[in-house]
Amino acid sequence: MCSFFLVLLLWQNMAVPPTYADLGKSARDVFTKGYGFGLIKLDLKTKSENGLEFTSSGSANTETTKVNGSLETKYRWTEYGLTFTEKWNTDNTLGTEITVEDQLARGLKLTFDSSFSPNTGKKNAKIKTGYKREHINLGCDVDFDIAGPSIRGALVLGYEGWLAGYQMNFETSKSRVTQSNFAVGYKTDEFQLHTNVNDGTEFGGSIYQKVNKKLETAVNLAWTAGNSNTRFGIAAKYQVDPDACFSAKVNNSSLIGLGYTQTLKPGIKLTLSALLDGKNVNAGGHKLGLGLEFQA
């Protein structure tokens with residue numbers, strides 16, 4: 001009897017692999033989070049007593065002076081595994097999303113996503129399905145377009161830290177596969193390796209290393225078949241203290257990104273960032289960014 005419960009416990013603790021879109025995510029986060037070049041951004045997140053979540057975001061591009069904004073409300077009906085989401089942005093696009101998870105079957109997630117633009121009359125609807133269990137993560141999305149539905153499928157298998165994934169897109173209007181991607185990787189709590197091939201022409205790879213509790217590093221590499229130009233970058237994130245972190249990255253084009261995030265007080269976070277051209281430091285044209293995030 002004891003051995004039965006031990007086997008059951010080990011089985012339940014087996015890792016569920018990430019979705020195909022999340023493969024290599026840790027390395028991407030080191031390269032992207034904590035930066036906002038050329039933007040002045042304001043984010044506000046609040047949650048009411050009944051569980052209704054409000055998220056609003058606004059940004060201004062310092063070069064084009066264009067202002068963008070969005071508003072999102074989300075309500076979770078935990079008892080029935082339901083999540084209702086309403087979205088709006090300054091392009092006057094309205095969106096509705098309904099998700100049900102772990103109700104029809106354990107690990108199964110169903111989402112109905114629709115959007116409508118009153119200005120153009122454009123409508124869009126998607127049905128997304130996802131299923132995850134030990135060693136496997138499946139996804140299938142159907143995008144209903146005027147030209148004809150398109151089907152995107154993805155599969156990720158995992159075993160003892162090793163990951164292998166495949167993603168494809170089939171357009172019914174063309175009756176052919178228009179995208180075919182493959183990825184292989186290895187993942188532990190402190191180290192991640194990710195490689196991918198997109199459509200047999202684009203190749204990429206990344207390495208993520210958590211050196212210690214304060215320091216995270218990442219390297220990425222990409223190139224295209226028939227093009228000798230290889231894209232290369234390194235990045236690091238250092239947690240100075242519980243309320244502050246510093247980020248830096250550089251690529252083979254000598255573009256240097258710097259970011260600093262400071263928690264001013266609980267629920268208020270300030271982010272400063274700069275993008276410098278290492279080849280023309282004195283020429284100007286560098287980009288600065290400022291972000292404020294409020295959460296209550």
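Placed from the backbone N, Cα and C atoms, the Cβ positions cover glycine too.
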Transmembrane segment per Swiss-Prot - which of 2-11, 162-171: 162-171
Correct range for transmembrane segment (source Swiss-Prot, candidates 12-22, 67-77): 67-77
From Lys33, Lys45, Lys214, the one Swiss-Prot labels N6-acetyllysine: Lys33
Position flagged as N6-acetyllysine [Swiss-Prot], chosen from Lys122, Lys128: Lys122
Check: same-chain CB within 8 A of NAD(+) site center, minus Leu255, Ile256, Gly257, Ser273, Ala274, Leu275, Leu276, Asp277: Phe37, Leu258, His286, Lys287
Cα-nearest neighbour of Lys174 (ubiquitin cross-link) within the listed binding-site residues, Lys25, Gly257, Ser273: Lys25
Nearest-integer angstrom distance between the alpha carbons (Cα) of Lys33 (ATP binding site) and Ser26 (phosphoserine): 10
Sparsest-packed of the listed recorded positions (Ser26, Thr120, Ser206, Ser253, Ser273) - C-beta count within 10 angstroms: Thr120
For Ile256 (NAD(+) binding site), nearby residues of its own chain (Cβ under 8 Å, 6 or more apart in sequence): Ala248, Lys249, Val250, Leu275, Leu276, Asp277, Gly278
DSSP three-state assignment for Lys66 (ubiquitin cross-link): coil
